[in-house]
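Colleague: This is the feature table in Swiss-Prot:
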{"type": "BINDING", "residues": "11, 13, 242", "note": "Mg(2+) binding site"}
{"type": "ACT_SITE", "residues": "11", "note": "active site, nucleophile"}
{"type": "BINDING", "residues": "12, 60, 61, 217, 245", "note": "phosphate binding site"}
């Protein structure tokens, strides 16, 4: 296997970035977890892979404003896959994006008009449109955007959820709700809309996000292989991941690594296994199997 691998795509959170980082950063007087923290062991392992000619890329569910600094810190070689495959960036340009249907966005618009206190955002390429409603999740977005990306194209706008939107001039890649702010009847309406629409929704403890149906980390890798990285194949690519949104790419690649503490199905599907992110699992696996 060692001599077969030419490409590495790694998830971030729970894979090479701990949910419990040692460091914090301060923005406008408030302190936030530094979810850009990658261990020295992992950074060193990636650099050693690159020195051997193996290319490194990031594949994540994060918004690019929470990835761009890390992409540059790790000096990645490959396009960066964000929003679980909905947008792919390379050298500060969008090279591919998947857009939600206008009919679906119209449906979202009609629902949020009935619940004016709900906090949500519309991800649209370099721009994110937020309600003015308080949200700890989106407060973190603003901190990462402004603290780490002062030199970028990112912009933030406010969207009024009490009026009809100009949907014809909107290209929305992802809709993201802070479900702490959404009443139960609203969640039910969103579930009903999702069920009859061409979309995929994922719900976690504090959030609900929606992207176009059929879009995943695996579909993004397949599109890159077809249109941009023709030499990248399942046989010469290894993926690292821990979550349920990593399952499809585990099935796509011939080589895959999951960590202790991962989503059970993801862990089961992975070809190889390693210690947890807090125990430098990925760095240990690379050193033992690719740098030996």
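In case you wondered, yes, glycine gets a Cβ from its N, Cα and C as well.
I'd like these features described in context: how deep, what's nearby, how far apart.
Modeller: Packing around residue 242 (Mg(2+) binding site) is summarised by its Cβ count: 26 other Cβ atoms lie within 10 angstroms of its Cβ, all protein chains included.
Following the DSSP three-state reduction, the secondary structure of residue 11 (Mg(2+) binding site) is coil.
Applying an 8 A CB threshold to same-chain residues 6+ apart, the list for residue 61 (phosphate binding site) reads 13, 82, 83, 84, 209, 243, 245.
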Colleague: Using a 10 Å cut-off on Cβ-Cβ distances across all protein chains shown, tell me which of the binding-site residues (11, 13) has the largest neighbour count.
Modeller: 11
Colleague: Expressed to the nearest Å, what is the distance separating residue 11 (Mg(2+) binding site) and residue 217 (phosphate binding site) at their Cα atoms?
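Modeller: Cα to Cα, residue 11 (Mg(2+) binding site) and residue 217 (phosphate binding site) are separated by 10 Å.
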Colleague: Can you list the residues of the same chain, besides 11, 13, 242, whose Cβ falls within 8 Å of the Mg(2+) site's Cβ centroid?
Modeller: 12, 14, 15, 16, 17, 60, 240, 241, 243, 246, 277
Colleague: CB neighbours of residue 12 (phosphate binding site) within 10 A?
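Modeller: Around residue 12 (phosphate binding site), other Cβ atoms within 10 Å: 22.
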Colleague: To see if you understand the setup: which same-chain residues, six or more apart in sequence, place their Cβ under 8 Å from that of residue 217 (phosphate binding site)?
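Modeller: Spatial neighbours, sequence-distant, of residue 217 (phosphate binding site): 9, 11, 59, 81, 84, 85, 241, 245, 246, 248, 249.
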Colleague: Let me check the 10 A CB neighbour count of residue 245 (phosphate binding site). How many other CB atoms are there?
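Modeller: 22, counting other Cβ atoms within 10 Å of residue 245 (phosphate binding site).
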